[in-house]
Amino acid sequence: MFYLCTTLYFKQFTFMSTELFSTLPYKVADITLADFGRKEIDLAEKEMPGLMALREKYGESKPLKGARIMGSLHMTIQTAVLIETLVALGAEVRWCSCNIYSTQDHAAAAIAASGVAVFAWKGETLADYWWCTLQALNFEGGKGPTVIVDDGGDATMMIHVGYEAENNAAVLDKEVHAEDEIELNAILKKVLAEDKERWHRVAAEVRGVSEETTTGVHRLYQMQEEGKLLFPAFNVNDSVTKSKFDNLYGCRESLADGIKRATDVMIAGKVVVVCGYGDVGKGCSHSMRSYGARVLVTEVDPICALQAAMEGFEVVTMEDACKEGNIFVTTTGNIDIIRIDHMEQMKDQAIVCNIGHFDNEIQVDALKHYPGIKRVNIKPQVDRYYFPDGHSIILLADGRLVNLGCATGHPSFVMSNSFTNQTLAQIELFNKKYDINVYRLPKHLDEEVARLHLEKIGVKLTKLTPEQAAYIGVSVDGPYKADHYRY
């Protein structure tokens, strides 16, 4: 009865006015999807043994009691399990998505109905997106978070840019061309007009941030090098049980899921161009080859290029590949990987997509403003662009994450690895005082995350004898590898 009453109570608030600092308990697409979301969350919990083990281990001691956790991370079913783990460990949580297309509306509804403040829906505008981020950063009484779960670094960036603007408002008037930066500056101007010290107060209370993805980690290291980082950070992305699993095995399954749901195209026999051969690129390349595609790889790093070649992939430049490919996938985390001059030369109905965090790997803006271009929307997140010469390309998810924009992202099991790391990082940051720097979780915790997932898939681990451990200079219980070991 309580659950039904809660659902009815919440429903009346959906899609009300969007004042700068809202008093809404949540904002989602459709709260009536909560029951559907709850059923899928129940299924996902069985596939996420790491998170469930942390609930069992820390449920009574509640190491996050008193923590105000703000999350900016794809609002999916798997993320719902993470959120409810943080709550079970004692935290007060507010959440938004880190991508305008990645929210699963039934997951957001289920979390909202459970009493967590979530501001996310699939198909947000960029203005909506930054408004949602602001709401997630705004706890009761105008307080900010004590710890942050970030994916891509946008929550961290909002605080840092806002902080800088309070010192020098002119930073918000600098010329920017990316629409997301334009909208960020616009909302920060409104915040500054209302409260000229907000971000200084918020930053002072943040004990740290744990960052999920490569792009966000790059931002953190850059701020640290420039002396601008305002609080400690954990680089979760480079934990072995994240980068070598989520990035590799997750993409190996979710890329094909996104492409097929969007286009129903036959991959076998196609030429697929994978831009980048890091962990994400490796997963994507092997995925496409497993479907029977001929895979071409582009790379700037000679080591990664050699790895690709030794795996049997043809390593070429985009200048050559753009004329040959049927499907293009960017995986680099860099800008301008597929330029408009490449798209001009592509085959008719070439499929172009991205599985890196931001849409700037593909020159989407240049495509939209190309003289004489004609856009035809096929269905949500699938657009066909006709060039004046008659050929067309199909852009998926508007150049944003194809696996989350056109499908539901990585499977639950592999996300349990990543989110177990996130939870451990949150416990560390909240309970210990770190100097301002960028850190990684220690090796023994990385191994523990892996260990928590072995039983689920039937793994039986061999145990070292004391003599064997002494011979190679490790403890019987680990860690088993040096920090520099590359796996």
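Heads up, the Cβ atoms here are built off N, Cα and C, so glycines get one too.
Owing to the predicted nature of the structure, the values given are computational and were not obtained by experimental measurement.
What Swiss-Prot lists as substrate binding site is Thr76, Asp151, Glu212, Lys242, Asp246. The Cβ of Asp246 (substrate binding site) has 27 neighbouring Cβ atoms from other residues within 10 Å, across all protein chains displayed.
If you look up Swiss-Prot, you'll see 213-215, Asn247, 276-281, Glu299, Asn334, 355-357, Asn403 marked as NAD(+) binding site, on the strength of sequence analysis. Listed in sequence order, Asp151, Gly152, Asn237, His357 are the same-chain residues at least 6 apart in sequence whose CB falls under 8 Å from the CB of Thr213 (NAD(+) binding site). DSSP assigns Thr213 (NAD(+) binding site) to coil in the three-state reduction, outside any helix or strand.
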What Cα-Cα separation, expressed in whole Å, is found between Thr76 (substrate binding site) and Ile355 (NAD(+) binding site)? 16
Do you know offhand how many angstrom separate Glu299 (NAD(+) binding site) and Asp246 (substrate binding site) by C-alpha? 21
Of these binding-site residues, Asp151, Glu212, Glu299, which scores lowest on Cβ atoms within 10 Å? Glu299
In the structure shown, with every protein chain counted, which of the binding-site residues Thr76, Thr215 has the densest set of Cβ atoms within 10 angstroms of its Cβ? Thr76
Given the binding-site residues Gly276, Gly278, the candidate whose Cβ has the fewest other Cβ atoms within 10 Å is Gly278
Taking only the CA atoms, the spacing between Asp246 (substrate binding site) and Val280 (NAD(+) binding site), expressed in whole angstrom, is 8
Which entry in the list of binding-site residues, Val280, Ile355, has its Cβ near the fewest other Cβ atoms, using 10 Å as the limit? Val280
Tell me the Cβ contacts of Lys242 (substrate binding site) under 8 Å, same chain only and six or more apart in sequence, or just say none. Glu212, Val236, Asn417, Ser418, Asn421
